[in-house]
């Protein structure tokens, strides 16, 4: 109980810091306390709140698609009729994830254009392996005797899946979703390369201008967002 309360407080503090640092005056004050000097310490072309929102939307959309894919395909290949697909699917998905996100974005631009779509496509491809692997692991870890008992009670295969397998496998599946989301929070900074917005805009602006304060401000908010997402999933796993 105390551990859960501590994690709740910690996650709440991180979320509060994240919101506060979207205010330019507070962010600038923090950067000056850290020793940064100069006229431009915060990004002036767009508010940090808008960039943070763009970042969150990119992560949510790509992670939702990756979760749906991982859950659906993971369930499919753990059915006896389709079990022969298991190794092939895992190999293909693992191979896709070895492709750098920047390369995926580059190849996606000619087909999808600049903006939101290629960034989400890259994040989806990069984030789909953990949900898939964890769904497979969770479903295969369900004790066969439990499923046999459910059949003995007259349950249909669909009912066994919904009421027995998925509830028992859910903690493992959720851990995969957690990993995928945290990965995508960091990778989403690359979306700025193709005009998708997000906190990567600030980091790239800092690199172009040789301004460490801008780089740190974008990286700091990205890190806080990753910690917040991890904390939220940690609480969800304990619910």
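For all residues, glycine too, the Cβ spot is worked out from N, Cα and C.
All TrEMBL annotations are machine predictions without curation.
The annotation transmembrane segment is assigned in TrEMBL to 51-77 (among others).
The domain 'ABC transmembrane type-1' feature in TrEMBL is assigned to 52-233.
Among the features that TrEMBL reports, transmembrane segment is placed at 98-126 (among others).
Annotation source TrEMBL lists transmembrane segment at 181-207 (among others).
Annotated transmembrane segment per TrEMBL: 214-236 (among others), in sequence order. Within its own chain, the transmembrane segment (214-236) is flanked in space by residues 4, 7-8, 10-11, 14-15, 17-18, 21-22, 27, 31, 34, 36, 40-43, 48, 52, 55-56, 59, 174, 177-178, 181-182, 185-186, 188-189, 199-203, 205-207, which lie at least six positions past its ends and keep a Cβ under 8 Å from the stretch.
Long-range Cβ contacts of the transmembrane segment (51-77) within its own chain (Cβ-Cβ under 8 Å, at least 6 residues beyond either end) map to 18, 22, 43, 83, 85-86, 89, 116, 119-120, 123-124, 127-136, 139, 161, 173, 176-177, 180-181, 184-185, 188-189, 191, 196-202, 221-222, 225, 229.
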